[in-house]
Amino acid sequence: MSKFRSLADIRRDYGELQLSEESAENDPISQFKLWFDDVLLNEKNDPTAMVLSTVDEKGYPDSRVVLLKGLENGNFIFYTNYQSAKAMQIQKNPYAALNFYWPQMARQVRVRGRVKKISSEQSDAYFSSRPLKSQFSAIVSPQSQEILDRISLEDALNQLIEEYGQKPVVRPENWGGYMIIPDEIEFWQGRDNRLHDRIHYYRHGHEWTHRRLAP
């Protein structure tokens with residue numbers, strides 16, 4: 001049996017959790033918070049991990065895993081280098097998608113919306129809360145650019161450690177946060193026999209409305 005044939009045979013049942021129109025919250029942010037509280041109790045690894053998808057100038061989609069670092073006023077916040085590939089793509093096309101997947105609970109959340117930078121004050125506050133070596137790494141890494149080798153990065157990091165010691169570090173201007181302002185959010189609950197639950201929220205003017213989608 002080939003490896004590809006065996007891959008086709010990999011499957012599992014998802015259990016008894018469910019999501020109905022009646023049990024769903026009226027707005028998706030309340031529903032997300034409700035699910036996320038459960039996730040923090042049940043997911044062992046990286047509960048804040050989310051796939052961020054953007055589109056480059058050629059129209060090619062691009063995805064990577066980033067970490068959710070805030071949910072403020074209904075907006076999803078993450079941080080990155082403003083000169084990275086994702087930042088360049090966002091600059092040209094300020095729309096993105098997020099995908100959360102929590103396998104222990106067989107739950108998935110998909111988000112689509114507009115992207116904009118958060119305030120410098122917010123970025124400063126988060127940057128100063130990071131471990132010191134993580135702050136140094138943000139300074140020395142020219143994210144998404146070709147580098148000679150890993151040793152050069154480590155040497156630059158060690159040099160900064162010697163230079164700064166325990167002194168406060170100023171956030172570099174090319175590093176900070178983005179918020180995704182959602183226009184659509186879908187909640188997916190895995191069910192047995194592949195008859196999954198899907199509740200899709202979308203903006204209707206200034207209000208949210210939701211509907212059930214077929215799996």
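Yeah, the Cβs are placed from backbone N, Cα and C, and that goes for glycine too.
The FMN site in Swiss-Prot is built from ARG64, VAL65, VAL66, LEU67, LEU68, LYS69, TYR79, THR80, LYS86, GLN108, GLN143, SER144, TRP188 plus one of ARG130, ARG171, ARG198, ARG203, namely ARG198. Within the same chain, the residues at least 6 positions away from GLN143 (FMN binding site) whose Cβ sits under 8 Å from its Cβ are THR80, ASN81, GLN83, SER84, ALA85, listed in sequence order. Listed in sequence order, the binding-site residues from ASP13, LYS69, ARG130, ARG194, HIS196 having a Cα within 10 Å of the Cα of TYR79 (FMN binding site) are LYS69. Counting only same-chain residues at least 6 apart in sequence, those with a Cβ under 8 Å from the Cβ of LYS86 (FMN binding site) are LEU52, THR54, ASP62, ARG64, THR80, SER144. VAL66 (FMN binding site) and ARG11 (substrate binding site) have their C-alpha atoms 27 Å apart, to the nearest angstrom.
Listed in sequence order, THR48, ALA49, MET50, PHE76, ILE77, PHE78, PHE100 are the same-chain residues six or more apart from LEU68 (FMN binding site) with CB atoms under 8 A from its CB. For ARG130 (substrate binding site), the number of other Cβ atoms no farther than 10 Å from its own Cβ, over all displayed protein chains, is 16.
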